[in-house]
Amino acid sequence: MDGDNQSENSQLLLLGMSESPEQQRILFWMFLSMYLVTVVGNALIILAISSDSHLHTPMYFFLVNLSFTDLFFVTNTIPKMLVNLQSQNKAISYAGCLTQLYFLVSLVTLDNLILAMMAYDRYVAICHPLHYVTAMSPGLCVLLLCLCWGLSVLYGLLLTLLMTRVSFCGSRKIHYLFCEMYVLLRLVCSSTHIIHTVLIATGCFIFITPLGFMTTSYIHIVRTILQIPSASKKNKTFSTCASHLGVVSLFYGTLAMVYLQPLHTYSIKDSVATVMYAVVTPMMNPFIYSLRNKDMHGALGRLLGRPFQRPK
């Protein structure tokens, strides 16, 4: 790709994690299986909650949207990965790459913000139970979700538009699974100072601020739980937010593996960490939220027409 001129018809090559035919066949079936499990798991969560009036509460309202986001997220990346693994033509157009980047950034941001809203829901439910109905009214929940969507869309647009202002040069080969911001920046031959400045400034606001908010919420939640005299009530109260804590830990842990390192150290090994947050996390979320959730077991059982056995 010419450094002085880049057109919408320019193409990049997504080579993925391996160029070995044998390994590509293994990766194809692995990613296909994970994609199907993710789609089925998140679809069941959405259908179970939507069809059960007992679960029409703020916590499950945000969970439905989290599952929808995860469905959209894996559909943005995995189908193209599967095509590349089966095809000799691994090219992706410049416009297609930027489109994939836009949805990737927007949906990761949306996941992050929804998790913050779910932490707020748990904070109000445990620390201020008498005000829960008014503090988490349906109107406020919709407003918070719209705010999450708005910020995510704007953030995705901002970073994608910045990428249209840079010039690429050198090799068009990307040893990565999809079009990702840091990987694309390694192909840039023009100045990236503005992009890096924006990434740091907006990243602190979009990701560090919600993480700080969630941390503060759980500090208050733990303090409230410790004041409960009954051990059984302590365990029951903590169990209502244990699933959320598990998802937050998985989400931020895998993101940290990819992004908390200098740009110049990015290599093929980071594709493994990318698989964790781009594929494994959306796949695991339905299991984490339903594994020990009696209400979800009941809703899934009614949806499937038979009792859903809770794990011992």
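Keep in mind that glycine also has a Cβ here, set from the backbone N, Cα and C atoms.
What TrEMBL says about this one:
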DOMAIN    41-289  domain 'G-protein coupled receptors family 1 profile'
TRANSMEM  26-47  transmembrane segment
TRANSMEM  59-79  transmembrane segment
TRANSMEM  91-115  transmembrane segment
TRANSMEM  135-162  transmembrane segment
TRANSMEM  174-194  transmembrane segment
TRANSMEM  200-221  transmembrane segment
TRANSMEM  242-260  transmembrane segment
TRANSMEM  272-291  transmembrane segment
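Note on the domain 'G-protein coupled receptors family 1 profile' (41-289): its mean pLDDT in the predicted model is 86. Below 8 angstroms of C-beta separation, residues 31, 34-35, 38-39, 42-43, 45-46, 49-50, 100, 103-104, 107-108, 110-111, 114-115, 117-118, 121-122, 125, 138, 141, 145, 177-178, 247, 278-279, 281-283, 285-286, 289 of the same chain, each at least six residues beyond the ends of the transmembrane segment (59-79), sit close to that stretch. In this chain, the transmembrane segment (272-291) lies apart from the transmembrane segment (135-162): fewer than three C-beta pairs between them fall below 8 angstroms, excluding pairs fewer than 6 positions apart.
Beyond the ends of the transmembrane segment (91-115), by six or more residues, the same chain brings 1, 6-14, 62, 65-66, 69-70, 72-73, 76-77, 80, 145, 147-149, 151-153, 155-157, 159-160, 163-164, 178-181, 184, 206-207, 210, 214, 244, 247-248, 251, 255, 277 to within a C-beta distance below 8 angstroms of the stretch. When Cβ-Cβ distances below 8 Å are used as the criterion, the transmembrane segment (135-162) is approached by residues 58, 61-62, 65, 98, 101-103, 105-107, 109-110, 113-114, 117, 120-121, 124-125, 128, 181, 194-195, 198-199, 202, 206 of the same chain, each at least six residues removed from its ends.
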